[in-house]
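Participant: Let me begin by handing over the structure; questions about it come next.
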Amino acid sequence: MFDSHCHLYFPEFDQDRVETIERARKTGVFFFVQVGASLEDSRKALELAAQYDDMAASVGIHPHCAESAEIGAEIAELRKIVIENKNKVAAIGECGLDFGKSGEIEDNEKKAQTALFEAQIILAQELKLPLIIHCRNTHRETAQKIQDARSKLQAVIIHCFTGNWEDAKQYLDLGCFISFSGIVSFKKKAEAIQEAAVKTPLDRLLIETDAPYLAPEPFRGKRNEPAFIKNIIQSIADLRGVSFDKIEKTTDQNAEKIFTPTPNKLI
C-alpha cells in the first residue's frame, strides 16, 4: 500500500514515530510521501524522508500561510531545496486555495492565497514535478487555475478530496488525479464524497491518510496513522463492489507512476 500524503514529522508523532512507521510497514505500506505545508514543514518532511528508503518528500506552502509569506524568498528557497535534493523530493505542495468552511474570506487573503498558489504552480512547471493541491470550498477557482496552467504541468493531485461528483468531474476532465482520505469511510455526511469515490475512474484514483488527521472508521476521532490506510482502501472497495486487492493494486500503480523517487523507479 502506498500512502500518497501524510505528515509523520508533525509533533503528534514525536513520542512514537519509529513505532508508527513500523506498524505501517507490518500492515503492508511500502511507501510514504511526507508532505510539507510551510517552508519549515517542508524542511522537516525532507529531513524525515531522507532517513528512509521508502519515503519521499513533497515541498510546498499551505494557503493558510499566504498572508505571512514572503513569496519571492520562500519560492526561491523551495526551488533550492528541490535542486539540492532531487532524489528525495517527489512533488510540489501542498498548496492551493482555502476559503474556509463558509467559502468566504477577506479579499486581501484571497489575493495572497492566489499569488502564493500561482507561484507554486509555476515552480512545479519549472521543475517538472507533480503538484499536490489543497482545495477547500474553492473548486471553481482551483479548476480555473489548473486549466490555465495544465499544458505545462506534470501530474496534478487533488489532495483529500471533499467535493461532490460534479467537482471531481471537472478535475478529471483536466487530467487530474483524485485522492481520497479517511472521510470516505465516514458513516455520516460523506455521501457526496462516496459517490465521487465510486465514479472516479480507477486510473485516476489515489489513496492517502493525511495522518495525523481524518482517521477512517472505526478510528474516527483518534490520531490517524498510515497503518489505517487499509481501512480507506476497504471502504472504497466496498463502495465500488470490488475486491480490496483491486483497489490496492490500482492505487499503488497510480501513485508509483506519479511520484518519481519510488522503489520501482517507474518514471
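Each Cβ is built from the backbone N, Cα and C atoms, and glycine gets one as well.
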Participant: For the divalent metal cation 1 site that TrEMBL lists with HIS5, HIS7, ASP210, give the additional residue from the candidates GLU94, GLU104, GLU118.
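Facilitator: Answer per TrEMBL: GLU94.
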Participant: How big is the Cα-to-Cα gap, in Å, between HIS134 (divalent metal cation 2 binding site) and GLU94 (divalent metal cation 1 binding site)?
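Facilitator: The Cα atom of HIS134 (divalent metal cation 2 binding site) is 6 Å away from the Cα atom of GLU94 (divalent metal cation 1 binding site).
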Participant: Starting from the Cβ centroid of HIS5, HIS7, GLU94, ASP210, the recorded divalent metal cation 1 site, name every other residue in that chain with its Cβ within 8 Å, sequence order please.
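Facilitator: Going along the sequence, the neighbours appear as CYS6, VAL35, ALA37, ILE132, HIS159, CYS160, GLU208, ALA211, TYR213.
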Participant: Please report how many Å separate the Cα atom of GLU94 (divalent metal cation 1 binding site) from that of HIS159 (divalent metal cation 2 binding site), as a whole number.
Facilitator: 8
Participant: Given HIS7 (divalent metal cation 1 binding site) and HIS159 (divalent metal cation 2 binding site), what distance in Å do their CA atoms have, once rounded to a whole number?
Facilitator: 13
Participant: Taking the Cβ of HIS7 (divalent metal cation 1 binding site) as centre, how many other Cβ atoms lie within 10 Å?
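Facilitator: A count of 23.
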Participant: For GLU94, ASP210, listed as binding-site residues, tell me which one has the smallest number of other Cβ atoms within 10 Å.
Facilitator: ASP210
